[in-house]
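Participant: After the structure tokens below, expect a handful of questions from me.
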Amino acid sequence: MSSLPRGFEPQTPEDLGQRSLAELREMLKRQERLLRNVKFICKLPDKGKKISDAVTKLKAAIAEREEVRGRSELFYPVSLDCKERQKAIAVVDGDRDKAQNSDQILDTSSPVPGCSSVANITSSQTTSRQQGLAHPTRGGDAEAAEAEHTVSEHPTSSSGAPAPSSSQASEGLPQHCALGQVEDHPGSSDNLFIDRLQRITIADPTEHHSEGNRNPENLAGLWSGPQKKPHYMEVLEMRAKNPMPPPHKFKTNVLPSQPRDSSSACQRRGSPISSEERRRRDRKHLDDITAARLLPLHHLPTQLLSIEESLALQRQQKQSYEEIQAKLAAQKLAERLNIKMQSYNPEGESSRKYREVRDEDDDQSSEDEF
């Protein structure tokens, strides 16, 4: 009985759930390698049934993992939007809690109407300003302007003027005490809280400008507004709209397409060029590509001949061809017969050694005759 090599044993379903996708693919590759080994499969008692079952389970697990990963990639932008919205809601909830604490400090007053003081109003106003600087929200500036106007009319003793009495302070703020008493009712606490949250704002002391009251829907727009898409989503959409052309295969002696396209476009836009100019450009293009020049023409270009001239040329070509064939035949025959064609001299070399001798008297007589 032959056992499986180490690392090729079929895995249990519990182990498959804990494996990563790369490990599952590696295991599938090993099991398929075992199945291809026919001799090894024949030696097994179950003839490779366990291995085939393991291959089926691995394929199912890999398909499930890929499907889950595809779904997660599809819903990844949605999860990002949900996370951003949750962050915005958490920020707004924190603003609500801080604003509620500031409203409680602002609305805290004694049951007797004459026990409120300007110092409490000033401290509550400072607290609300600090909270507004940390988390600015949208809203009107009506109640904050009233509190500032009241504090400016009754300056503190540190500026040099006497502080007003508690009765005068309570008379100067009747509306504030009434609002504090109305907020004690539990039924209208939520509505008043939303109203106060909308009214908290920051006013620049150097610039006195009034803003109109905002609608309650603007507060909900803080977390329900359109969220900006991630950068990679914009890149993918842009690439889907404008796909890149496939890279052309490199070929020798071929220039890139861009200069050729530009030159052809210029030729189309320009005036028609003559045949000589086109021939010169083609020759220059050929020289640029191959760095080779055409050989000069040894013959005239083709011409239209008459029938008589063509017959005369054919006869001349036939005669020259026959002469060449006769010379070749004679040369072959001489090679077969071992005949060497040499110059014939019957007298031999000895006749050239002797020179003709003339007498001096004969030379003188010839001169006298002249």
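Using N, Cα and C of the backbone, Cβ positions are placed for all residues, glycine too.
Just lifted these from Swiss-Prot, have a look:
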REGION    1-20  region 'Disordered'
COILED    15-69  coiled coil
REGION    29-68  region 'Important for transcription repressor activity'
REGION    93-172  region 'Disordered'
COMPBIAS  101-131  compositional bias 'Polar residues'
COMPBIAS  138-152  compositional bias 'Basic and acidic residues'
COMPBIAS  155-170  compositional bias 'Low complexity'
REGION    204-226  region 'Disordered'
COMPBIAS  205-214  compositional bias 'Basic and acidic residues'
REGION    228-299  region 'Interaction with Pol II'
REGION    241-283  region 'Disordered'
COMPBIAS  254-266  compositional bias 'Polar residues'
MOD_RES   SER271  phosphoserine
REGION    300-315  region 'Important for transcription repressor activity'
COILED    303-328  coiled coil
REGION    316-341  region 'Interaction with Pol II'
REGION    340-370  region 'Disordered'
COMPBIAS  349-358  compositional bias 'Basic and acidic residues'
COMPBIAS  359-370  compositional bias 'Acidic residues'
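Help me understand the surroundings of these features in the structure.
Facilitator: Across the region 'Important for transcription repressor activity' (29-68), DSSP classifies residues as 34 helix, 0 strand, 6 coil.
The DSSP breakdown of the region 'Important for transcription repressor activity' (300-315), given as helix, strand and coil counts, is 9 helix, 0 strand, 7 coil.
The average pLDDT for the coiled coil (303-328) in the predicted structure is 94.
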Participant: Give me the DSSP three-state residue breakdown of the region 'Interaction with Pol II' (316-341), ordered helix, strand, coil.
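Facilitator: When I sort the residues of the region 'Interaction with Pol II' (316-341) into the three classes, I find 22 helix, 0 strand, 4 coil.
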